[in-house]
Amino acid sequence: MSKRVLTSVAWPYANGPRHIGHVAGFGVPSDVFARYQRMAGNEVLMVSGTDEHGTPLLVQAEKEGTTVQELADRYNRIIVEDLAGLGLSYDLFTRTTTRNHYAVVQELFTGLYNNGYMVTQTTRGAISPSTGRTLPDRYIEGTCPICGAKDARGDQCDNCGNQLDPEDLIDPRSKINGETPEFIDTEHFMLDLPALAEALTTWLKGRTDWRPNVLKFSLNLLEDIRPRAMSRDIDWGVPIPVEGWQDNNAKKLYVWFDAVVGYLSASIEWAWRIGDPDAWRKWWNDPEALSYYFMGKDNITFHSQIWPAELLGYGGQGSKGGEAGDLADPALNLPTEVVSSEFLTMSGSKFSSSKGVVIYVRDFLKEFGPDALRYFIATAGPETTDTDFTWDEFVRRINSELANEWGNLVNRTVSMAYKNFGEVPTPGPLTAEDEALLAESAKAFDVVGDNINLSRFKAGITEAMRIAGRANQYIAAMEPWKLAKDENQRERLATVLYTALQVVSDVNTLLTPYLPFSAQKIFETLGGEGIWAAQPEVVEVTDESPREPVGVGLPEEGRTYPVIMGDYTKQKVTWARQEIQPGTQLSKPKPLFPKLDPELAETGPEWAPVQK
C-alpha cells in the first residue's frame, strides 16, 4: 500500500558555496532515500532551502561591505545551482527570506504564545565594550564548560552538541574583534521546554528504531531541560509577532526557531506553487504519513528537541494544554525519524573555507561529474562514524569499484550482445547457473530496498555492487567470447548474454537512487526510451504569499529568486525487476566511468587544497 513520505532536508546556510562535507551529511543520503521511496510507489514530498538568517551572515556582510540580503541572494543562487547539479531531487528547495516563510514562522510562534509555551524572561546578553553594540550569541566564542572544546559558540558547542548561553563560556571573546564581551540584562521570549518535557519524553521513548547515537543523545538532552531563548538582540530575522515587539527592529526570532519551521513553510509554499494550496496537509496532518529528517550530527538538538517541542506546544499537547493552531488539523506530525550523519573530514582536518581546507561541490562536479561524488559519499561517507576524505581513497573507489566492477560489467555485456546480436537475444533453456544468478539478482531488490528504507545506505549500495561482482564472475566462468567463436554454441551464447543483460538491468535499477545520471544512460543503452530517472530543475519564481507576515524588516514582495523543483512522476523507473524483452534494439555502449589518473591520488586536481 502506498505511503506518504515527507523527506525534510537540513537547510544549508547561505554564507558561501557548499563543500562536499555538507552534501555528505544532508544531501546525498536524503536524495537516495527520496528517490527510492518514489520508485517504491510512495508519495514523496522532499523539501529544504537556504537558511539566510542569523549572525554569521551579518558578520560576513560587514566584512564584505555589502548588505545581508545581497549576500544571501548571491549564495542562494550558487547553492541552488550546485545542489541541482548534484541531482538532489527536491520537490521544492526554497529559502527562509520569503514572505510565506515569515508568515508561517509567525503563525507557529503565535500558537505557542497563545498556549503559554512562549514566555518572556530577563536574561543576560552580551555587548561590545568598545562599540556598545549588542553581540548575539553566535558572535561569541570561547571554551565549552562541558567538554573543553576551544571553539564553542554562545548558543551551542558543536563538539559535544550541548546547548549553551554566552555567559556559560570560559574565556568568552567576540568573533568581530576578539575582545571580551560585557554582559547586561535583556528581555527575551523563552520556549518553555520544561512544560513540554513530559510530552517530549513520551514521544522520544517510542522512537526505538532510531540510530542508537541519535536516540541516546536526544534522551540525554531531557536530563537538564530548561527554557530556551527563542529571540535575539539582532536586526536581521523574522519579526516577533507580538504587539510592542513586532516593530522593534533590534529584536528578532532566533534563527533556529525559524529554520526548523522551514520544513513546514516550504511544504505550504510547494502546495500553492503547484496550484493545490491544501496539498501539504497530506504529509503534515495525516497521522499515517511518515516524516524523515536528514542532517549532520551538530543539528540533532534542533530536530529531536526544539522542533518537536514547537509542534507539541502549537498543538496544545504540553502540560499547559492549549488550543491547536489553524495549521494543526487535528495535529502537525512529529518526526518519524531523525537521520543524523557524522562529519566528513579531509586528511584528518575539519573542512574550513577560511583555512583553505575545502573542496567545493561545484569544483568537484566540473571535474568528476555528479555520480562520482554520489558514489563516494554512499560508499565511504560519514553514515555512522566520522570519515576522512582523501584523494587516494576517492581514486581507488572510482577506478577499482565504479569503473572496473560496474562500468566494466555494463560495457562488456552490452558490447558482446551488440556485436553478436544487435539486440537483446532470445535465450535458450536456462542452466542451474543462469537461474541461480537471476534469482540472486531478483532477491537483491528486497535486501537493498530494506536497507535504504532503514537509512542504511552503505549496506544498500554494497549489496547492489555485490550483485555486479557476481555477474562479472558469471561472465568469467561462462566465457561468452569463446562461445561466440563456435556457431554450434550460438543459442548458449544468447542465453548467457540474455542472463547477463537482465542482471545489468537489475543492478542499474538497484543503483538508480544512488547514481541517477549514469542509470539514465544505461537505460538508454539497453534500448529504453524516455525518462528513467527524472532530474530536478532550477526555476525562477516570484516571492508572493497567501499569508501576510507582520512587523518591520519584511522581505520585499514581488522579488524573484531561483528554486529547485521537479516533476518526478514522469520517470519510468520502479523498484522491481524490469524484464528485458528479446528483440529490443541495443545501443553501442560508451564509457560510463572513465578511469582517473593515478597521479590524482597524491594531491588531487590542481585546484584542490594540498593534503598533509
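Each residue, glycine too, has its Cβ placed from N, Cα and C.
Look at Swiss-Prot and you will find Cys144, Cys147, Cys157, Cys160 tagged as Zn(2+) binding site, backed by sequence analysis. Taking Cβ-Cβ distances under 8 Å and a sequence gap of 6 or more within the same chain, the neighbours of Cys144 (Zn(2+) binding site) are Ala152, Cys157, Asn159, Cys160, Asn162, Leu164, Leu169, Ile170.
What Swiss-Prot lists as ATP binding site is Ser353. In sequence order, Gly16, His19 are the residues near Ser353 (ATP binding site), counting only same-chain partners six or more apart with C-beta under 8 A.
Across the region 'Disordered' (580-612), the DSSP tally of helix, strand and coil residues reads 4 helix, 1 strand, 28 coil. The region 'Disordered' annotation in Swiss-Prot covers 580-612.
The motif ''HIGH' region' feature in Swiss-Prot is assigned to 12-22. Summed and averaged per residue, pLDDT over the motif ''HIGH' region' (12-22) gives 95.
The motif ''KMSKS' region' annotation in Swiss-Prot covers 350-354. Helix, strand and coil counts from DSSP across the motif ''KMSKS' region' (350-354) read 0 helix, 2 strand, 3 coil.
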| note | Residues outside the motif ''KMSKS' region' (350-354) whose C-beta sits under 8 Å from one of its C-beta atoms, at least 6 past its ends, are 16, 19-21, 343-344
| Other CB atoms within 10 A, centred on Cys157 (Zn(2+) binding site) | 24
| message | Around the Zn(2+) site formed by Cys144, Cys147, Cys157, Cys160, list the extra residues of the same chain whose Cβ is within 8 Å of the site's Cβ centroid. | response | Pro145, Ile146, Gly148, Ala149, Ala152, Asp158, Asn159, Gly161, Asn162, Leu164
